[in-house]
Every structure is written in C-alpha cells, then in structure tokens.
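K.L.:
Could you have a look at this structure, given as structure tokens, before my questions?
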Amino acid sequence: MSGAALGLEIVFVFFLALFLLHRYGDFKKQHRLVIVATLLAWYLCFLIVFILPLDVSTTIYNRCKHAANSSPAENNGSYVTLAPSKQKCFKPWSYIPDGIMPIFWRVVYWTSQFLTWILLPFMQSYARSGGFSITGKIKTALIENAIYYGTYLLIFGAFLIYVAVNPNFNLQWNQLQTIGIAAANTWGLFLLVLLLGYGLVEIPRSHWNGAKRGYLLMKTYFKAAKLMTEKADAEENLEDIMEEVRKVSESIKYNHPLRKCVDTILKKCPTEYQERMGRNMDDYEDFDERQNSYPSEKSLAKLHKQVIYSVQRHRRTQVQWQILLEQAFYLEDVAKNESSATRQFVHTFHSQEPENKIIQYFYTPTVEWYWECLLRPWFYRVLAVVLATFSVIVVWSECTFFSTKPVLSLFAVFIQLAEKTYNYIYIEMACFLTIFFLSICVYSTVFRIRVFNYYYLASHHQTDAYSLLFSGMLFCRLTPPLCLNFLGLTHMDATISHKNTQPTAYTSIMGSMRVLSFIADGFYIYYPMLVVILCIATYF
C-alpha cells in the first residue's frame, strides 16, 4: 500500500478541480491557456490540502520509529525523541516512503508560487487586453505588470537588507530562499485571517438561516430586485457600447487598413447586433484620410476591451436572472406544499432541463415532500450547530496555539492523544477535517467576494477569464500559509511547539523561519488572534 494512498488522492483531487472549474468556467468559449493555468492552480492548492494529513501521519510514524531505534547514548544528535512507547510502531496504511514527500512538496510549492507571482498576473493582463495581435497583448501585459512586479522586488529587498545588515547571519542561498517564502507567507497570512474571520461566522449562519423558509424566500426576493437593477444596467451599457461599435463600423470601410480590427470587434458582439450592423453597412466605398477623421488603433483596442467586458457581463446577468427566478419559484412551491394534506410535492413550473431517470425513480414527489418540508430544515439546523462548534474551536485554538505548557489548542490535544496510541486513521481523519474546514471557510469566501464587477466567480459557466485567473492567484497565495497555520494549531510545527523533533516534510521545505525572528516569534503567532475581532465584526 506504500504510496497507493498518495496516488489515489492525486487522481481524485484532479477530477475534483476539473469538476469545479467546469462549473464556473466555460471550456468551449474560453482560451485553452486560461483553462489550463486555472486548473493547474486550483489542482495544486487542493492537492496540498488533501495530501498534508498523509504527511502528518508519516511524520508521526517516523518519530516513533526513530524513538524506538535510538538509545539514550545515541539520543544527543539532531532530534530529541519522545520516550519509546510500549506499543509497537505500526506502519500506517497510507505510509509514504522516505524521500518522496520532500520532492513532491518542493515541486508543488514552487510551481504554485511561479503561477501566482509571475505567470497568472501576466495572463490576467493578457486576457483583459483589447489588443488585436499577440505582440500587442504581450506589450500591454508587460506594461501593466511593471508596477506589480516592482512592488514585489521592493518588499523582498526590504527583507534582504534586514538579513544582510544583521551581523548574526551569514547570507546563504537557503536563507535567501527562506526570506522569499517568508515574504510570500506573510502576504498570504494577512489576507487569510481576513477571509477566515468572515467564513467562520458566515458559514454556520448561512446554514442556520437555510432552515428558515420565510427568510430564504425574502432574501431571494431581495437578490432578484438587486439583480434586476444590475441586469438593466448591463443591458443599457451593452446598448451604448454597441452604438459606438456601429458608428466605428460605418466610418471605417472595408478597404481601410484598420478594418480587420473592426471585424475582430464585431465577432465579439452578440449575434443579433452583428446581423443588425451587417444590414446597415453600405457597399464598398473609397475612403479619404484628408476628409474624414478615423479612430486610432489604440482607441479601437480600448473599445475592444469594453465590448468583451460588456458582452460577458450581459450574458452573466441573463443566466443568473433565470437561475434566480427558478429558485424563487421553487421556494414559493415549498411554502405552498408545507400545508399539503396529500404529502405530495407539487411543482408550479417544471424544470426545462430533462431530469435524470434514476434520480426521478428514487426522488419521488412523496420523498421530495418529506425532505423539503420536514427533514431539510432540521438537517440544516443540526449542521449549523456542528459548524458553529468547529468555528468556536478554531477561534479558541487560534488564540492559544502558542501555549505549549499547558497545551491549550484543542486540535493539538486531539492529535497528541491519538499520537500516544498511534491511531493513524484517527490522526488522518482529524487532520483532514480540521484543514478541510479551514479551507472551506477561506475558499468559500473567495468564491463569494465580489470586487466592483471586475472579479466575480459566477457558477453555470459564467465566470470570465480574468476572474478565473484571479481566483487561481488567490488560492496559490492563501494555501501555503493556511497549511502552516494548521500545522501550528496542531503543534506539528517545531517553531510553535519548541520541540526539536523531526519536522513534517512540508515544514522542512518551508525552511526555518528563525532567519526572520520578528516574523516567526511575532507576526505568525499574534496576528491570527485578530480573527476574534473579525468574527465579532462579521456577526454584528
């Protein structure tokens, strides 16, 4: 079974990332490079979350094996091991052979960092550019990212100067590498706590409110009114942009050098507008540069960019409007069927999409009535209480994980109790549930946030290329500090536990943060405590 669990999880996580990307992206219309880059970013981040529990169980087994094989005379080396247990060190079913995990983490980590700091920002600017040639788009992307990359160099240079002027350090390559990792993790942790503070409160609350039929229906009405305003604004904006395109198309005739740029813009317009403009076009005419003023290629590139954005926004609001209407009709049906004497769920409007025959066979109107009108509210209430309990445990552990004597972090207590009996299944399940809950709180917030319509993840294939790439950037920046925070909560990080024990392979790749003591002993420990203030602010 050695390495089998790792292989299975690698395959499973790939299909999970592919499924989510298919839900939010559009494989048919979006550029293949955008799809591949976003898929790789999501895949690597999900992979870290799923594989880290295996790293923890393997590390605990290696510690046990090292303690059992070491005599007191031999125990004055690099590791101070725990007292050997009377119980034999059983190899976990998911044991990963030595040497595999360090290589695996090194490839995954540095690939994700290359994506988030170099490739994805460049592809964002490239995808948003209105240029008509590959060279023009690359030039625009380089100019837009010049300030972006300059900021990174400035921050990294500040850390570099701090270490260089410190007489206690001889600057070496591994220390330089650690400085870069520390700078990236500090940026990620700053944003991580903000998103975590929102998710810890909003996820349990949303499930609790999900049990309130009246609340859900009123919220849907509110969202419908808000979306109607946005939909009308998108339609008006699209009309204005199409009017500009029509004027440009009529002024630049077929024999003009810039006509190919206009044709590129027309291809991005909705079909009905293309047909309308085609009917209004005159036949071939000569142009005279001295008599007419024509737009420049730069202004056409700006118009091209506006067309891409307005068409995408219009299409997205149309699809979301239909989905929201179906949701509102369904909630109204639930309210009507609650008082049904026949206990048969009756739909006012049937879905236009054909239903799965297997689901239709088992999910009968009677089963649907019992689930929607009776069981689902109670299920959501119980789930909300469980999630709220997890949130309280996370907040408590975030505020106390620095305490090692006594151990106050509940996650560390659970792992240490399981470590005494070497119950690897329990260790892996506890680690997975912990990091999975933290990931859900953070990632779900990433999927919910919306920044002035420029960044917005919309389901049903309605997310644009810019937002997909931006989400990949956020995932790659948030996941490493999230995993380090998890290892700190469970005291598997030697920087937190202050024990000279064998580290996890993931921690060894991160390097010793002691190079920057004010970050290791200050920011990483005390900044996560702000999650309490953020949770209170979110609650109220």
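Placement of Cβ uses the backbone N, Cα and C atoms for every residue, glycine included.
Dumping what TrEMBL says about this protein:
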{"type": "COILED", "residues": "224-251", "note": "coiled coil"}
{"type": "TRANSMEM", "residues": "6-21", "note": "transmembrane segment"}
{"type": "TRANSMEM", "residues": "33-52", "note": "transmembrane segment"}
{"type": "TRANSMEM", "residues": "103-126", "note": "transmembrane segment"}
{"type": "TRANSMEM", "residues": "146-165", "note": "transmembrane segment"}
{"type": "TRANSMEM", "residues": "177-201", "note": "transmembrane segment"}
{"type": "TRANSMEM", "residues": "378-396", "note": "transmembrane segment"}
{"type": "TRANSMEM", "residues": "425-446", "note": "transmembrane segment"}
{"type": "TRANSMEM", "residues": "466-489", "note": "transmembrane segment"}
{"type": "TRANSMEM", "residues": "515-539", "note": "transmembrane segment"}
K.L.:
Can you work out which residues elsewhere in the same chain, 6+ from the ends of the transmembrane segment (378-396), have a Cβ less than 8 Å from its Cβ atoms?
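P.N.:
Here the qualifying positions are 196, 200-201, 203-205, 207-208, 210-211, 408-411, 437-438, 441, 489, 531-532, 535.
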K.L.:
Considering only Cβ pairs under 8 Å, which range in 6-21, 33-52, 177-201, 425-446 makes the most contacts with the transmembrane segment (103-126)?
P.N.:
33-52
K.L.:
Counting only residues 6 or more past its boundaries, what in the same chain has a CB within less than 8 Å of a CB in the coiled coil (224-251)?
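P.N.:
For the coiled coil (224-251), the sequence-distant neighbours (Cβ-Cβ under 8 Å, at least 6 residues beyond its ends) are 262, 265-266, 269-270, 273, 277, 280-282, 292, 294-295, 300, 303, 306-307, 310-311, 313-314, 316-318, 320-321, 324-325, 328.
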K.L.:
Quick one: do the transmembrane segment (425-446) and the transmembrane segment (6-21) reach 3+ CB pairs under 8 Å, ignoring pairs fewer than 6 apart in sequence?
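P.N.:
These two stretches do not touch.
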K.L.:
Taking all residues of the coiled coil (224-251) together, what is their mean pLDDT?
P.N.:
92
K.L.:
State the non-local partners of the transmembrane segment (6-21) in its own chain: residues 6+ outside its ends, Cβ under 8 Å from one of its Cβ atoms.
P.N.:
35, 38-39, 42-43, 46-47, 50-51, 54, 94, 96, 100, 104, 468
